[in-house]
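Asker: If you look up TrEMBL, you'll see 21-42 marked as transmembrane segment. For 48-85, the entry in TrEMBL reads domain 'Chitin-binding type-1'. Among the features that TrEMBL reports, disulfide bond is placed at Cys53-Cys65, Cys58-Cys74, Cys109-Cys158, Cys171-Cys180, Cys260-Cys293. Residues or ranges marked as active site, proton donor in TrEMBL: Glu153.
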Amino acid sequence: MYQISHQQHNLVNFLLHCLTLKMAVFNIVRFIFVIGVVSGIFTELTAGQNCGCAPDECCSEFGFCGKAGDPQYCGTGCQQGPCTPPSDVNVADIVTEAFFNGILNQGDCPGKNFYSRGAFLDALTTYDRFGRVGTQDDSKREIAAFFAHASHETERFCFIEEKDGATKDYCNETNTQFPCASGKLYYGRGPLQLTWNYNYGPAGQDNGFDGLNNPEAVANDPAISFKTALWYWMRSVHSIITSGKGFGETIRAINGALECNNPAESAKVDSRVNYFTSYCSQLGVAPGDNLRC
């Protein structure tokens, strides 16, 4: 049998070692390449989630744009656009003149001649999934919840703007996507008292006005006022109430950082809950469980 020398043996081991290192380096490079590809895909997915869809496109549950009529985008969970109505509930039949006018504060209020059922119904043409998910009772609970929060925030549509709002700073300077405009104030306005530049900016984009340079539009145009309220609702609250998590979780979504689990603010929670249960009673629907946060 052929015998290899000690030097040849060492050379073979050295070559095998080099081959092993080469394979290891190759695997590392391949791994980095795969991570890079995945990261690129993830970046594209993340970018896709910032809807900004065309007017004739739907924004899906996961934030992607798709053609009108495509159930993958316009069906269950559709956030914006020509979403397919999931039910044939007519919100106008629930929010009657008597119901809406019964909410209006009859005192000497600036909002008395500003907020109207007509302006609310006009806003619904943009957000036609509001109050149209699930059963008739589910629709009534969502409607009751929306008007309960609006009643608390505006003292039953008495106020259009936040009291002493002009003295407060709602400019988040770290938000570079929606930077504050010089001299503009982003305090609470409208039915749900829209605040902060990072809300005014996208609310304006989605509703046809310049929210950063003209935030006053929310207090000057009743239709825009209701549209911005529904814009916030559909983005942050709608899925909570329609999924059955209860009214308490809607409080958390709207002002939970200040009111939830805070004994000093329990009266505000009481106010919201009392409005909700009252409106549920008027609409003939049980308020459900988990009323507080």
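In case you wondered, yes, glycine gets a Cβ from its N, Cα and C as well.
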Asker: Around Cys58 (disulfide bond), which of the listed disulfide-bonded residues (Cys65, Cys158, Cys171, Cys180) come within 10 Å, judging by Cα atoms?
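Answerer: Near Cys58 (disulfide bond), where near means Cα within 10 Å, the disulfide-bonded residues are Cys65.
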Asker: Fill in the CA-CA distance, Cys65 (disulfide bond) to Glu153 (active site, proton donor), as an integer in Å.
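Answerer: One finds 33 Å between the Cα atoms of these residues.
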Asker: If we count other C-beta atoms within 10 Å, could you say which of the disulfide-bonded residues Cys53, Cys74, Cys171, Cys180 has the fewest?
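Answerer: Selected from the disulfide-bonded residues Cys53, Cys74, Cys171, Cys180 on minimum Cβ neighbours within 10 Å: Cys171.
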Asker: Tell me which of the recorded positions Cys74, Glu153, Cys158 ends up closest to Cys293 (disulfide bond) in space, Cα to Cα.
Answerer: Glu153
Asker: Taking the Cβ of each of the disulfide-bonded residues and counting other Cβ atoms inside 10 Å, which one has the highest number: Cys58, Cys65, Cys109, Cys158, Cys293?
Answerer: Cys58
